[in-house]
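A.B. asks: Below: one structure in C-alpha cells.
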C-alpha cells in the first residue's frame, strides 16, 4: 500500500489511538495538539501518558503544534476533538485548508445550542469547495483497546461510498475491521445518544441494581434513540448495526467508558460538578443530554429515559425516584413504543 499522510486534529486518547493504527498500516500520521507537554512527549518519548498510559507509540507517529504543518500534504484530515471545540477548530481548519480534502470526524455528540450533528457543524464552518467528502468513523470502540491492538470494528459512513472506502482502506488491518455505510445521520445519532444511555447504565450500577435493570435500560434506551433517529431521517436498520446497538453495548458495559463511570459516581450520590471535576476528561453524554432534552420536546418525541437522566443531571432529581417513576409509567405494547 502506498504511504499516505493523514493529519489528526486532537492529541487525546482517540486521536492518538487512530494515529497508532495508521502507523501500523505504514502511513504517515501527524497529530495536531495544543499542549506543548503532550506534543513533546509524543515526539520525544513516543508516549501519551495522560490519555493512553503504558502505550508505546510507533516512532512514525509525529505531533505538532502547527495546524498548517499537520495538514500540509495530507490526503485525509481526521477531526478527533470534543464536541464543544468542534466549531472553533473547524473555523481554524477552514482558514488553513488550501485544497479539497477528505474530512473524517470521530466526535460523538450534538451541539446543544443548535441541535446540530457534528457533520452539520463541520459543513457550516468549512467551505464546500474545501471538503472533498465528509466521513463519520464510528462504532463500538474504546481508544485504550484500539491502542492495545485488540480486535475492534468500526463503520465509515458517508453519502459518497467511494470516500468511505478510501477511509476504510487507510484504517483497516487485522486488528481493526472497517465496514462502510451511507447513513451519516444514523451513525451520528447512534454515536451521540448512546452516551446518554451509558450515563443511565452507570447510574443504575451505582444504585446497586443488577443486570436485569441495565438490560432493560439499554433496550428501552435504544428504542428512544431509534425513535428520534427515524424522525430526523435515519435508516432504522442502522441502529441494529455497529454505530447503533454495537456502540451502545460497549459504552454501557465497560469500565473504560467515561459516561458509564460518570453515571456510576452519580448513582453513588455524588453531584454533577464533583463528578466532572474528578473525571478530568470530557463526558460527552452530559452535553448531549442537554441538547436532546430540548430537541425531543421540539420534535414531540417521547424519550422518558433521556428525560429522567436530564432531570438527574440538571434538576437534582433523586435517581431512585427517577427509576420508580419510569417503572410506574402506564402499560404499553412493546412494538408500539419503538
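Yeah, the Cβs are placed from backbone N, Cα and C, and that goes for glycine too.
Swiss-Prot lists 194 with the feature active site, proton acceptor. As annotated by Swiss-Prot, NADPH binding site applies to 13, 14, 108, 143, 258, 282, 284, with the evidence given as sequence analysis. Summarising the annotation, Swiss-Prot assigns sn-glycerol 3-phosphate binding site to 108, 139, 141, 194, 247, 257, 258, 259.
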A.B. asks: Just report the maximum Cα pair distance in Å for the recorded NADPH binders 13, 14, 108, 143, 258, 282, 284, no decimals.
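C.D. replies: Farthest Cα pair among residues binding NADPH: 15 Å.
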A.B. asks: To the nearest whole angstrom, state the Cα distance for the pair residue 139 (sn-glycerol 3-phosphate binding site) and residue 108 (NADPH binding site).
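C.D. replies: Counting only the Cα atoms, the answer is 10 Å.
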A.B. asks: From the recorded positions 14, 108, 194, 258, pick the residue whose C-alpha lies nearest to the C-alpha of residue 141 (sn-glycerol 3-phosphate binding site).
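C.D. replies: Comparing Cα positions, the candidate nearest residue 141 (sn-glycerol 3-phosphate binding site) turns out to be 14.
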A.B. asks: Give the sequence-ordered set of same-chain residues, not counting 13, 14, 108, 143, 258, 282, 284, with Cβ within 8 Å of the centre of the Cβ atoms defining the NADPH site.
C.D. replies: 12, 82, 281
A.B. asks: Measuring Cα to Cα, how far is residue 258 (NADPH binding site) from residue 194 (active site, proton acceptor) in Å?
C.D. replies: 12
A.B. asks: Please give the greatest C-alpha separation between any two of the sn-glycerol 3-phosphate-binding residues 108, 139, 141, 194, 247, 257, 258, 259, in angstrom, as a whole number.
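C.D. replies: Greatest Cα-Cα span of the listed binding residues: 16 Å.
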A.B. asks: Same chain only, sequence gap of 6 or more: which residues have a CB within under 8 Å of the CB of residue 257 (sn-glycerol 3-phosphate binding site)?
C.D. replies: 142, 198, 202, 250, 251
A.B. asks: Among the recorded positions 108, 194, 258, which residue has its Cβ surrounded by the fewest other Cβ atoms within 10 Å?
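C.D. replies: Fewest other Cβ atoms within 10 Å, among the recorded positions 108, 194, 258, is found for 258.
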A.B. asks: Compare the Cα of residue 13 (NADPH binding site) against each of the recorded positions 194, 247, 259 and report the nearest.
C.D. replies: 259
A.B. asks: Determine the Cβ neighbour count for residue 13 (NADPH binding site): the number of other Cβ atoms within 10 Å of its Cβ.
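C.D. replies: Taking every protein chain into account, the count is 23.
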A.B. asks: Is residue 257 (sn-glycerol 3-phosphate binding site) helix, strand or coil when read with DSSP?
C.D. replies: coil
A.B. asks: Which has the fewest other CB atoms in a 10 Å radius around its CB: 14, 141, 247, 259, 282, the listed binding-site residues?
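C.D. replies: If we count Cβ atoms within 10 Å for the binding-site residues 14, 141, 247, 259, 282, the smallest count is at 282.
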A.B. asks: I need the CA-to-CA distance for residue 259 (sn-glycerol 3-phosphate binding site) versus residue 14 (NADPH binding site), whole Å please.
C.D. replies: 15
A.B. asks: If you skip the near sequence neighbours and keep only those at least six away, which residues in the chain come within under 8 angstroms of residue 143 (NADPH binding site), Cβ to Cβ?
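C.D. replies: Looking at Cβ-Cβ distances below 8 Å from residue 143 (NADPH binding site), excluding near sequence neighbours, one finds 12, 13, 14, 16, 17, 51, 52.
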